[in-house]
């Protein structure tokens with residue numbers, strides 16, 4: 001299969017599975033109030049915390065919260081859009097706000113506090129934005145010459161330390177993270193900021209992802225960017241569990257970026273029993289544009305470049321040796337979160353919340369969120385689906401004769417994609433895929449015409465794993481991956497039974513819906529990746545955040561436990577409300593909840609962690 005043929009096929013695959021709406025078909029029409037998405041309250045992302053809740057407050061509990069559920073649900077995310085009279089331009093720029101739901105003996109309390117970063121201190125002191133963020137440029141300092149700016153370009157302290165994305169444990173301590181090398185240690189009981197760590201002080205990297213992996217042993221791995229003699233490289237960093245995790249941190253291995261001046265944008269990575277999985281999407285950070293942005297006082301998003309005609313690369317690195325084992329290719333797609341990765345029967349399976357392109361990043365600008373109700377394309381830009389990629393181990397890299405026969409047979413009839421008979425999906429799923437014939441007209445092949453034109457043996461699927469429709473084919477330059485869609489929902493902030501199934505075979509993941517045009521955009525989703533079925537929970541005008549699975553004592557199955565999620569309510573009059581929902585993970589039905597009425601607005605959060613000992 002040639003790269004041109006494969007890419008054409010993949011574009012059809014992505015077009016069918018991303019561009020068709022699974023939600024309410026009326027969603028893209030204006031309602032009587034001039035709104036395209038009347039079921040979606042965008043204001044939940046536009047709230048700013050005006051007063052911290054330092055002392056825990058009591059809420060109103062209902063239903064039944066299991067007695068065995070004791071600990072703290074810690075949350076991190078955007079806390080305030082405002083600095084003085086100024087506003088940040090992007091959701092990722094807002095000042096970091098922590099939330100804590102403390103659960104003990106069926107009772108729940110709530111509190112929140114800002115992460116006390118140097119960026120927050122500087123902005124508050126100046127009452128304006130003085131540190132450049134992802135989508136917001138700082139007010140220029142007239143005292144700094146261009147030489148001062150140039151000299152500060154690659155100094156870590158020159159950038160933001162606004163760690164507002166996630167929370168992870170390092171040993172018995174908890175840290176907030178973002179995509180810069182700064183982390184903040186927080187007290188899981190008081191939410192006080194206790195220390196700031198710059199990873200660059202301990203290991204030679206310039207940034208790292210917001211989502212490290214915590215092993216059962218307590219050792220933590222993360223992916224960063226290091227500068228080598230040959231250019232930027234991806235670096236796997238190990239933080240060995242122990243008293244001196246940061247002092248003992250070291251780079252396990254490096255992998256050169258495919259473009260020397262354009263390292264890929266990384267938000268997470270995969271880890272299995274024997275491999276590190278680096279998924280290098282064609283979204284790059286241009287180093288030349290980064291320098292220009294620093295000198296001309298532009299925000300960091302101006303440095304991002306999307307190469308839609310370049311493939312996404314899957315790099316498998318052996319954990320034991322640090323050596324690159326194999327690189328695979330797929331059609332370009334954008335992602336933030338890998339659901340899970342694991343090995344099975346000579347394959348590596350990688351499940352990813354995937355988007356056709358990175359337009360969803362632009363959907364999170366302040367202006368885009370505020371105007372989404374008048375944008376008929378907003379839901380389309382945010383359209384994503386969870387995809388499964390299966391990487392066959394030990395496959396060769398040479399072009400096979402069967403591949404050459406396939407290319408020849410396709411060229412004879414002028415088609416730009418492999419025939420559906422070579423795909424193991426149902427005919428109905430691909431009924432809307434059309435193919436270009438030699439006369440330039442579109443036609444939908446019948447079963448008879450497909451059988452007459454093609455021989456199924458002409459295209460050899462390298463994936464032999466059972467219960468998957470994902471495929472891999474030998475190409476002229478390597479192995480091309482064709483994904484399988486796990487469910488027909490937009491899924492984001494995915495979570496699994498992490499402590500037991502991270503990097504291992506698993507069955508369930510939990511996510512929030514990213515389909516803003518769904519009948520209920522605040523839907524929580526449980527996906528069974530074996531049966532390819534879903535269970536959901538939703539409530540009108542309620543918007544839950546990332547669902548976190550907490551296992552029951554001595555769990556008897558992978559989904560024996562509860563799902564915890566914080567909730568906010570849509571509508572401006574409801575902005576002083578926050579709640580905790582507790583669902584049965586097996587059935588996705590409500591067990592109990594606790595509602596809190598606060599002294600000011602509570603914004604929607606992003607990621608978090610359940611701390612069982614923080615009570």
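Every residue, even glycine, has its Cβ placed from backbone N, Cα and C.
If you check TrEMBL, you get these features:
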- 211, 267, 337, 607: Fe cation binding site (BINDING)
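Each of 165, 166, 209, 210, 268, 336, 493 belongs to the same chain as 211, 267, 337, 607, is absent from that list, and has a C-beta within 8 angstroms of the C-beta centroid marking the Fe cation site. Of all the binding-site residues given, namely 267, 337, the one with the smallest number of surrounding CB atoms inside 10 A is 267. Taking the binding-site residues 211, 607 in turn, the residue surrounded by the fewest other Cβ atoms inside 10 Å of its Cβ turns out to be 211.
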